[in-house]
Number of protein chains: 2
Amino acid sequence: MRNIKLKIAYDGGRYYGWQRLKDNDQTIQGKLESVISEMVQSYTEIIGSGRTDAGVHAKGQITNFHTDSIMTLEEMHRYINRYLPQDIVVKEITQVSDRFHSRYHAKSKKYTYYVWNHYTHSPFHRKYSCHLPKKLDVPLMKEAAAKFIGTHDFIGFSSLKKTKKSTLRTINELNILSQDNLMSFTFVGDGFLYNMIRIIVGSLVEIGLHEKELSHIDKVLEKNVRSKAGITMPPQGLFLEEVYY
Amino acid sequence: MRNIKLKIAYDGGRYYGWQRLKDNDQTIQGKLESVISEMVQSYTEIIGSGRTDAGVHAKGQITNFHTDSIMTLEEMHRYINRYLPQDIVVKEITQVSDRFHSRYHAKSKKYTYYVWNHYTHSPFHRKYSCHLPKKLDVPLMKEAAAKFIGTHDFIGFSSLKKTKKSTLRTINELNILSQDNLMSFTFVGDGFLYNMIRIIVGSLVEIGLHEKELSHIDKVLEKNVRSKAGITMPPQGLFLEEVYY
């Protein structure tokens with residue numbers, strides 16, 4: 001069987017997230033599976049590098065599927081983009097080795113969260129950022145961000161209930177950029193717990209608004225109590241940028 | 001009476017353009033007039049620096065209106081943004097001299113047209129650019145763009161019917177930038193005829209696709225025959241960026 005890898009971009013605004021739901025095909029995985037299964041005339045499971053939540057966007061989600069189809073890659077590319085809704089696009093299609101698995105083999109991921117920090121919102125960013133009208137203390141937030149770098153138990157910065165799996169994760173980079181009124185928080189790490197990025201950004205925002213002290217972050221990282229971490233930022237500011245293998 | 005100047009951004013995608021229509025309030029001017037007239041409890045005309053066509057966007061449209069209202073600027077700003085649809089935003093509000101007129105006093109304007117030049121479209125740019133899948137010859141287009149700089153009779157590059165008014169216009173800048181897959185065409189000039197920017201970009205695109213020769217532009221500029229100029233590009237790639245006074 002051939003193993004086909006797709007690099008995908010989507011505007012998650014209209015969708016209930018990546019993962020296929022039983023009674024609802026308004027998911028990214030559901031849309032892809034229905035178009036690709038129709039194309040190859042046989043039910044085809046699409047494996048994603050990971051789930052994205054409802055409303056979260058992607059510029060470089062990686063997926064793969066197995067097929068016996070004899071269509072060329074160019075034919076598949078044209079077919080899939082033609083029948084997908086316009087807010088989901090296959091950017092690249094390649095044939096990979098049998099053993100490639102887009103989830104198991106993902107080594108790390110890059111996500112960016114956008115905040116529009118100005119008194120008025122922008123009509124062009126409102127669906128792709130969180131609007132914060134109060135001026136944020138960016139230097140202080142950069143200082144706070146540095147505390148997350150490295151390997152920590154991030155359970156306090158996630159929405160996970162009890163779990164037996166390890167909640168240790170490594171954040172390799174967390175860069176904050178502020179240009180004109182748009183702030184971006186770029187994360188590179190080996191994996192992220194449920195809602196982890198949105199809660200870390202929420203915690204940084206509370207520090208940038210001087211609602212919490214810098215030392216607060218150390219406390220949550222040490223004691224791992226979710227109730228003490230910041231709010232969960234809304235999904236529309238979050239983009240899965242790249243998956244590294 | 002007070003004279004209030006507004007700097008406005010809008011996503012033109014849902015609108016029939018700037019200018020108020022009799023039987024249709026789905027215009028930018030119509031929306032502003034209805035919110036502001038309600039605010040000051042008296043019909044108030046909103047003067048714009050110029051019209052934008054259906055589907056065209058603005059980041060810095062300038063408008064003004066006269067009022068006897070005693071509301072503070074902050075109160076007006078909050079009220080207007082609260083009642084406008086989310087795709088129209090007042091970015092700045094200032095009180096100006098009685099004599100200021102946003103149309104008559106405009107000295108020049110900056111517009112940008114965006115083209116997404118890649119085999120696949122981007123879900124994040126599809127409403128804000130024109131998608132051209134074939135690779136464009138950018139250096140050749142830059143050479144062609146230089147021909148438009150200066151004062152010319154641009155009647156051949158407009159959708160105007162016969163007119164008695166002067167069709168001489170001066171283009172001070174026309175810069176083409178190409179970054180990743182996004183190309184931008186930035187125009188600064190003292191005024192633009194009906195559809196002029198969209199037709200100039202269409203003419204440059206035909207050259208970039210090697211469908212027409214460079215010399216073709218000189219011919220149209222000399223002979224002023226619209227039928228010989230390029231296609232009119234679609235509206236969703238066009239942004240009114242700034243108005244200079």
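Each Cβ is built from the backbone N, Cα and C atoms, and glycine gets one as well.
As annotated by TrEMBL, domain 'Pseudouridine synthase I TruA alpha/beta' applies to B:9-104, B:144-245. Under the heading active site, nucleophile, TrEMBL lists B:ASP53. What TrEMBL records for B:TYR111 is substrate binding site.
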Completion exercise
The correct DSSP tally for the domain 'Pseudouridine synthase I TruA alpha/beta' (B:144-245) reads 34 helix, 31 strand, 37 coil
Completion exercise
Secondary structure of the domain 'Pseudouridine synthase I TruA alpha/beta' (B:9-104) by DSSP, residue by residue, totals 27 helix, 26 strand, 43 coil
Completion exercise
What DSSP gives for B:TYR111 (substrate binding site), in three states, is strand
